[in-house]
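K.L.:
Okay, handing you the structure first.
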Ligand SMILES: [Zn+2]
């Protein structure tokens with residue numbers, strides 16, 4: 001496992017150079033020129049995961065590659081990837097019963113090439129979906145780029161994120177700095193209900209960083225996540 005943002009451009013460059021015009025081709029040494037990979041980009045809220053997901057999709061599409069974008073529980077609560085800086089892209093909503101392999105097979109049956117998948121909000125997927133991602137890489141030569149949170153509001157790994165750490169060819173922490181109110185690096189997502197940090201409850205409760213309802217989330221450093229100090233906000 002690597003934990004190095006520098007892997008992102010390398011991965012992208014490899015994916016682009018290896019697949020265009022010569023899919024499945026082999027080099028002189030007999031090794032596949034293009035070997036698809038499962039990559040997991042992770043970070044706390046507000047670190048730009050969805051923005052990076054859409055940028056990745058744009059970069060690949062510009063090079064003539066074809067892909068699908070999936071999401072689950074996007075902040076818009078609709079079948080699209082939206083970002084806090086205002087970008088949006090239609091996406092396929094991943095339900096409990098959706099099989100990512102079937103999705104790719106059906107697209108190919110319809111004559112749509114699928115070179116890659118962009119899986120946003122992947123920590124909210126089922127573990128089975130992560131297994132399907134790995135199979136898509138290994139058997140279908142589809143690059144899979146998964147983006148998501150690592151940990152929940154209790155600072156425990158989401159099951160799908162854990163499986164991604166276990167299975168991914170590459171793991172990269174997104175390095176866009178998110179700061180706690182104290183100025184330290186923001187690392188963990190706190191769930192705030194009625195102004196208090198809570199530590200029990202369902203793993204996924206929809207809210208946002210904007211305090212529009214009873215539940216909201218706030219990125220804190222480990223120290224202040226531990227003490228529950230919201231800095232008077
Ligand atoms: Zn802090």
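Even glycines carry a Cβ here, placed using N, Cα and C.
Pasting the relevant annotations from TrEMBL:
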| type | residues | note |
| --- | --- | --- |
| REGION | 1-30 | region 'Disordered' |
| ACT_SITE | 121 | active site, proton acceptor |
| BINDING | 204, 205, 206, 207, 217 | substrate binding site |
K.L.:
Do me a favour and check the Cα-Cα span between residue 206 (substrate binding site) and residue 121 (active site, proton acceptor); whole Å is fine.
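P.N.:
Answer for this pair: 12 Å between alpha carbons.
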K.L.:
Kindly assign residue 206 (substrate binding site) to one of the three DSSP-derived states: helix, strand or coil.
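P.N.:
Going by the DSSP assignment, residue 206 (substrate binding site) belongs to neither helix nor strand, so it counts as coil.
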K.L.:
For residue 217 (substrate binding site), which DSSP three-state class applies?
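P.N.:
DSSP assigns residue 217 (substrate binding site) to strand.
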K.L.:
What's the CA to CA span in angstrom from residue 204 (substrate binding site) over to residue 121 (active site, proton acceptor)?
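P.N.:
Cα of residue 204 (substrate binding site) to Cα of residue 121 (active site, proton acceptor) measures 12 Å after rounding.
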K.L.:
Rounded to the nearest angstrom, how far is the Cα of residue 217 (substrate binding site) from the Cα of residue 121 (active site, proton acceptor)?
P.N.:
15
K.L.:
Sequence gap of 6 or more, C-beta under 8 Å: which same-chain residues meet both conditions with respect to residue 205 (substrate binding site)?
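P.N.:
When sequence neighbours closer than 6 are ignored, residue 205 (substrate binding site) has 191, 215 within Cβ distance under 8 Å.
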